[in-house]
């Protein structure tokens, strides 16, 4: 398996190296689907130029990256291509280890369930086998490294690749049961792009499960576990923010990064839901609808915490997808991260209802993005409505994908307990209806 992973890594790095030397780099780096005002490499270069001139990069309305990222490339600007390729490799290896470790957790849970006779006797076809799961870690790494969205993000040198690497290491630390490292990298992820704060809940639940802490708000042990993890996370976040202050000797980066993310002042088109809506919005309604749109990322966390409290890894996947869909400045790099987890749920295929339609929607939308952009911006034969329509189709496809997997996961868990051959009270065949 290790040899196969190395081969995938070599192929992925080779593809990126070839594209970095091609004439497509300039075209890819300007695609609004790949870069945003938050993570554009051109803006990072501008920020570095201002820093070298002794001017604060946050004095204007151009640079919105974090100070640590700025200083990272201040020293590694000549090796930027290598840095972005390394970030993708780190992400893929971390996800590979996560999938491998999660397989062991699944086997252990299945063994315990059979020992305590929690599963119905006729669900042997739903049980996951070592043969079925053997190649899942490699598929996860493959899905991330060779996903066109990931390749484009790397070639465009979008700092989304760094965010993905930090989140992947955070998930790895969580799966390994290290509460401190999990809190450190969650703090780094939240520092980078704010929205990963929503991953606090699935991480907390996974760590509680890993350390055999009963998830119960009336349990003193669980409350202490919650308090400990929250203190570590907030402490690390404060340390990182204070370090940023000492680097710049100013707090100006806070409104330029987090204020920019939350207030959405730049309405450059992207694959998200914000830009067109707020371009058409009357100014006196803006604050209300900004709050409504922003709360979407965090609104589903509590009900999902209740419903998926025994399945924190699937909760993590769903929350990553929600962030990618509802954040203010999404790019295809955000989509690539949660899609890398799809091989981990290949046992749900028999319960998926709309996978063909959703796949067609996502592929056709991805192809039509540059076409409609050209018709709007260059040919002048279309307008923003056309581009936003395909953006809506892409996001509806993502929502259908996540909801379909959620339905399939819940239904499989129901059948494991109740059995596959369900009967009604009168002895007739029964059907499961999700309400």
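Positions of Cβ are set from backbone N, Cα and C atoms, glycine also.
Those TrEMBL annotations? Automatic predictions, nothing curated.
As annotated by TrEMBL, signal peptide applies to 1-17. Within the chain, the signal peptide (1-17) has long-range Cβ neighbours (under 8 A, six or more residues past its boundaries) at 81, 84-85, 88-89, 92-93, 96, 134-135, 137-138, 141-142, 145-146, 151, 154-155.
Per TrEMBL, the feature transmembrane segment maps to 71-99 (among others). Packing against the transmembrane segment (71-99) from elsewhere in the chain are residues 5, 8-9, 12-13, 16-17, 20, 41, 44-45, 48, 51, 136-138, 140-141, 144-145, 150, 154, 157, 161-162, 164-165, 168-169, 171-172, 175, 247, 337, 340-341, 343-344: each is 6 or more residues past its ends and has a CB under 8 Å from a CB in it.
Tertiary proximity for the transmembrane segment (141-173) is limited to same-chain residues at least six positions away from its ends with a CB under 8 Å from its CB atoms, namely 5, 8-9, 11-12, 15-16, 19-20, 24-25, 28-29, 31, 33-36, 38-41, 44, 65, 69, 80-81, 84-85, 87-98, 181-182, 184-186, 188-189, 192-193, 196, 199, 203, 316, 320, 331-337, 339-340, 342-343, 366. Taken from TrEMBL, the feature transmembrane segment applies to 141-173 (among others).
Under the heading transmembrane segment, TrEMBL lists 179-208 (among others). Long-range neighbours of the transmembrane segment (179-208) within the same chain, counting only residues 6 or more positions beyond its ends whose Cβ lies under 8 Å from a Cβ of the stretch, are 38, 66, 68-69, 159, 162-163, 166-167, 169-170, 173, 214-215, 222, 225-226, 228-230, 232-237, 239-241, 244, 257-258, 261-262, 297-298, 301-302, 304-305, 308-309, 312-313, 315-316, 319-320, 322-323, 327.
Residues or ranges marked as transmembrane segment by TrEMBL: 229-251 (among others). Counting only same-chain residues 6+ beyond the ends of the transmembrane segment (229-251), those with a CB under 8 A from a CB of the stretch are 56, 58, 66-68, 71, 179-180, 182-184, 186-188, 190-191, 200, 203-204, 207.
Under the heading transmembrane segment, TrEMBL lists 257-278 (among others). Sequence-remote contacts of a segment are chain residues at least 6 beyond its ends whose Cβ falls under 8 Å from one of its Cβ atoms, and for the transmembrane segment (257-278) they are 32-33, 36-38, 61, 64-66, 193-195, 286, 289-290, 293-294, 325-332, 335, 369, 373, 384, 387-388, 391-392, 394-395.
For 285-302 (among others), the entry in TrEMBL reads transmembrane segment.
Within the same chain, residues 33-39, 91, 95, 140-141, 143-144, 147, 149-150, 152-153, 158, 160-161, 163-164, 167-168, 171, 174, 193, 195-196, 198-199, 201-203, 205-206, 261-262, 264, 266, 270-274, 293-294, 296-297, 300-301, 304-305, 308, 366, 395, 398-399, 401-402, 405-406, 409 sit at least 6 positions outside the transmembrane segment (314-342) and bring their C-beta atoms closer than 8 Å to a C-beta of that stretch. TrEMBL lists 314-342 (among others) with the feature transmembrane segment.
Here TrEMBL flags 354-379 (among others) as transmembrane segment.
Annotation source TrEMBL lists transmembrane segment at 385-407 (among others).
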